[in-house]
Structure formats: structure tokens, C-alpha cells
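Peer 1: Dropping a structure here in C-alpha cells format, bear with me for questions.
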Amino acid sequence: MGTGLLFYLYLPSAKTPQQYPMKYRSDIDGLRALAVVPVVLFHAGYSWIPGGFVGVDIFFVISGYLISSIILKELATGTFSFANFYERRVRRIIPALLIVLIATLAAGYFFLLPDEYTSLSQASLAALAFVPNIYFWNTESTYFGLDIATQPLLHTWSLGVEEQFYILFPALLFFLYRKFNHQTMSWILVTLLIFSLSANILLTDLYTKYSFYMLPTRAWELLAGIMLSLGILPTIRSRRIADIIALMGLALIIGTMLMLKEKSVFPGINAVYPVLGAVLIIYSGEQIQTVVTKLLSHKALVFIGLISYSFYLWHWPVTVYTKMAWDSDLSRHFILIFSLVLAVVSYHFIESFYRRPTRRLPRARTYAELGAIGIIIASGAAFIFYSQGLTGRVPDDIMQIAKMSALHQTEHTVQCLNFFEDNKNNGDDKGQLCHLGGKDSTPQFIIWGDSHAKAVSYALHLAALDAGVSGYALTSGGCRPLAGVYRKRNKKCLHFNNAVLAFINNSPSIKHIFLAGYWRIALTGQGYDNSNFLIVDDETLISTPLENRNVFRRGLKRTLDALDGYRVSIAEDIPEIGAQFGKAVANHFIRQAWLGNGMLAWRTFIDDEDSYSQEFSDILSNLPTRWDFIEIKPWLCPDQECPILIGGKLVYSDGDHLSRYGASLLVPAFRQSLVYDALETPAK
């Protein structure tokens, strides 16, 4: 509170119209280039810039700064008009967007399967309604997730954030300007920035998708630019100081782009660095031409900055469709060049044409043309949606591949209920449990774990049939078999694991326990969508990804202690494909058969868990309790290369779950252990 009051006292009490920034700054166009080029390079597949995605955050700062500068200047001079403001925004944003939507929908007809084309139609309608960020928040898509490869309009989420800002902010600023003095208005906006930033950091841990996609948790980045236009920072008089500040800003931006990765937690605190970098560059160049200002004012950078909106709009559809049609290292160069060509054409013939009202293109005609095009696009998208993606485009024999492939997670295991969630209201009725192996024998084993355990349970089922034994799969999505451990603010897994232990203790015939799970996510604290996946137990003081290691270690030890006297086997985790494949991974191979382009027929991936594998091995080696280790990778990844398609059959059903066929490859890994159970069942 004291710091806030001190800050409040230093806010300027008034500003004249002449003090609001409005002059053209070529370095800001250069900063736009610094924002858009890394985004395109990152998406195209240039691995040397793994954090290029933060360019979007720089765009938000620039937008906040420029839009607020325009509005404040016009408010101060009495020339502000809501109609004029929104007309400028429509002319700036809508024409190029409409052309990209038309081209993307047209290309989708030739490249996308029916379910993907249906999703594209929905995304197109969301973009027309200025809510693409809300649409993607409500779908299974994540910006770094497993289905980005078939979402040509995923990048429009950032337009949704900006458009919603443009709708709400002018009215807010108009109200604040009329009702309060400059100091109070600045204080209110600073307070909003603090609240938005706090929500962003908090929700990145709890609800990453919301924090990533939604305006309330992104507004602080736009407000950071607004703070600059309000002039709340002291004017820089020294060129040396201005240069130092500008270079610090440039270092923050470049450093973030080079150091962040797809797996980095984002946005959260990691978004602060590029935003602060952009703020420092804009701030340092307001009165003095710094060394960075001169660099960013280079003609080439200014030109790219001028076409940056079209460059951004075109690059992602080009990326998605190019990678579907041309699976080559050279494709990334094509993506970069072709997107740039389309951006130049779009800027000169679309953006510039509609930018300002002219005698040949008056306001009424502009609205009529854009409105008519929008209605045509909406009608076409609605038709695609209601026709379920125009299924007639794909031959019936090709669609049969989908029916024979494991497209859904529910098909990658024995069909059965989740233990505990589906049985807690009905008691532990064995008829409701997931039975593995032959039903004529007394159950002797269980496999305990999460959806990864459920995925490999089919292998255990087949191995049990061969060995003449039986058991149960006790699984619950998201719950590793770590006793006393649960997600922060969610005790479902605590109750699940307690229920499993109670079931084991009440089942005297059970002698052998298989533990399986998505170990990496719990051990490293790195979530499905780059969020923190924090686990806690009763000993946890502060939950962090680093503390996850200790919680994991304690939880596994508790589990093994509770299973003292049983035979315990710990299964290695399933290698993960990664983000280059969609949730319906089979769609890529169906597309290959449909288009005949040979795409992905040979695809393998290198299993790379960074330091996870060694950490997991270290934890296991330090456990005092006896247990067996069941290796998974040798059966899926000979020579460290993991094929996704074997003999025309898919090994995976999504990015980290095995298909039925993939699970069947693991039968030898479990068979020996179960044969031992059949021959020599250890006493409890």
C-alpha cells in the first residue's frame, strides 16, 4: 500500500495536448518487425529462435501505446469521435482479415479432413465475431498443444484480444478523461495493470489456457503501452542513459526469444521480460534518438513493420497447409518467403486500398463491401459446419482408415470405467471394475495409475490371457500412483489413491501391483500446455516445479511402503510424440492416403525427455523397497527412434497415449512378469 501511495504521488497531475505523443516514429515500425519476424520464424520451424512466439506480446505493447496516444491527443484537442475511431479500426483490421479467411477456407477444402474443416468453419465464425480467443479457449486447442498442426486460424486469438480491447478501452478512457484529472486517471489505469498482471501470473499456474487467451489476463500488456502514453515516467535528458535503457530493452527481447522454449511456462512471469523490453525501447526513444532507435529505423525493418499485420495474418495458414503438403526441411524457407510475398501484396492492394476514405471508396461503400464479404464468409462457414465438413470430398475407402485407426483416447485400452469416479457412488462392485485377462481365474494383480496406465492396460490384458491369470486396472485420468499426493487445490487424486489402497487391502487374492503413469509431468512440474503442473502433499510448504521432485519422491516412497509384502513392478513412461501431431494423430496418415503426397509415411521421432529420464532413474535407484522395472522404450523405440506407424497401423492415439496396436507391442514386456505370477505366486 505504501509503495502504491508513493507511486501515486509521483504521477503527473496534468498534461497538455502537446505533451501526448503523436508524432510518427519509424523505430516503432522497426519494433513491429522485431516482433513479427521471430513469430514467423518460430512457427515456420527455425529452431534457433525457440522463444519467437513472444513477438505477440510486443505487438500488444505497441498497440496499447499507439491507440491510447491517438485517443488522448484527440480528447485533449476536443476532436475525439467514437465513430471515427472505430472506422479507422475497421479499415485497418477487417479487409486483410476477410481475404485471409476466404483463402484459408478455400485451401481447407483441399487439405482438411471433415472434422478439421468443421473446426475451421467455427474458427472463421469466431474471427468474424471478434471472439477467436474465446473460441480457442473453449476448445481443446492450446497454442503449444498437440493439435496446432490442423488449426490454420489459431493465430487469430491475438486479434480477438486486440479487438476486444478496441471495443472496451475507448469508452473507458473517455469516461476517465472526462471524470478525473490526469493523475487520478493514471492511477486507475496503473491499478488495472497491476490487477491484470497479478491475474496473469496466478492463473498461469491454475488455468493456463485462460491466462493465455483472454483479455483480462492479457490487458496488462496493452496497459503497459498505455502507461507510456500517459507520461508517468520521467523524461530522459541524457543520451547515454537513453542508450543504456534502450539496449537493456533490446537485450530483454532478444534474450527472451533465444532462451524461452515451447515447454517454458507462459505467459506468467516469462511474459514480463519481452513486455518490459518493448516498454524500455519505446520509452527511451520518446525524446532522444538512441542507438536502438537508429537500428530499428533501418528502411528494411521499417518496411517489414509496415506490412507486419498482413505478414502475421498470412504466415500461420501458410505454415499449416505447407507442412501438410510438403514435409521437408526446405519447407520452412518456403513458408517465410511465400508469407512475405503475400504480405506485400496484401499490404499494397488490400490494406492500403481500404486504409482511408476516398472519393472512389467513401465510407458507405466501404461498409457495404466489407459487410457483404463478411456475410458471404459467414454463410459459407455455416454451410461447412452444418454439412459436417463436407464429408463428400473424401472418398469412402479413405474414410475407412479413420474407422480402423485409434482416433480417440477411449479406444486405446480395454473398454472399462475409471475406478473410483465411476464407482464411488455404487460401492466397489467388481462387476463395475476393469477386468484384465481371463475371467475364469481369481484376480491376482492390479495396474494402478492414470490414463497412461490405462493406455498400457491392454498390453497387460493380452499378456494375462497368455499367462492364464487375471487382474484389474484401477485407473483415473491425471492421477499418478503417488500416495498422499494431489494437485494443488484439487484433492481428487488423493481420494483416488486412498481408494485404491483400500481396495488392495480388502482383496486378499491380489499379490502383484503394477505402477504406471505419466511420470514426467508430475516429476518436472511441466504441464500439458506449458502450465505449471504442481503437486503437493502434507509436507509441502511452497509449491514450485522444483519442489515437485521432493513431493514425487515422498509420494512414491509412501506408495511402496504401503505395498510392503506385495510384488511391485514400476512401468517406464510412454515416450511422447510432441506438438507436431494433432489429437487425432491418425488424421495425418488418412490425409496421406487421401492426397497421395507421401507425407509422414516414414515419420519417426527421437525420444527426448531432457533431464527427466536421469532424474527418474536417480529417484528409483534411491528407493529402499524392492521392485521390478518394466522397460517400455525398447519395445517402441528401437535405436532411439520411435516409429508412429508400423505395418500401416498407428502406434499412438494422440501425442502421449498409445493406440490399441501400440499397447499390443508391449505384451512381451509384461508377459514374463505375469508368467512368473502364474508359476510362483508370492505370498502376501
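Any Cβ shown, glycine's included, is placed from N, Cα and C.
For 27-344, the entry in TrEMBL reads domain 'Acyltransferase 3'. Per TrEMBL, transmembrane segment is recorded for 31-49, 55-72, 93-112, 164-180, 187-207, 219-236, 241-259, 265-283, 295-314, 334-354, 366-386. Residues annotated as domain 'SGNH' in TrEMBL: 428-672.
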Peer 1: With the transmembrane segment (187-207) as the reference, find which of 55-72, 164-180, 241-259, 265-283 contributes the most Cβ pairs under 8 Å.
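Peer 2: Maximum Cβ contact count belongs to 265-283.
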Peer 1: Any chance the transmembrane segment (55-72) and the transmembrane segment (164-180) are in contact, meaning at least three CB pairs closer than 8 A with a sequence separation of 6+?
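Peer 2: Contact between the transmembrane segment (55-72) and the transmembrane segment (164-180): present.
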Peer 1: Can at least 3 Cβ pairs under 8 A be found between the transmembrane segment (93-112) and the transmembrane segment (219-236), with each pair 6 or more apart in sequence?
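Peer 2: With fewer than 3 qualifying Cβ pairs, these stretches do not touch.
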Peer 1: How about the transmembrane segment (334-354) with the transmembrane segment (31-49) - do they touch, taking at least 3 C-beta pairs under 8 Å (6 or more apart in sequence) as contact?
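Peer 2: Counting Cβ pairs under 8 Å, at least 3, so yes.
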Peer 1: Go through 31-49, 164-180, 219-236, 241-259, 265-283 and flag the stretch with the largest number of C-beta pairs under 8 Å relative to the transmembrane segment (295-314).
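Peer 2: Stretch with maximum Cβ contacts: 31-49.
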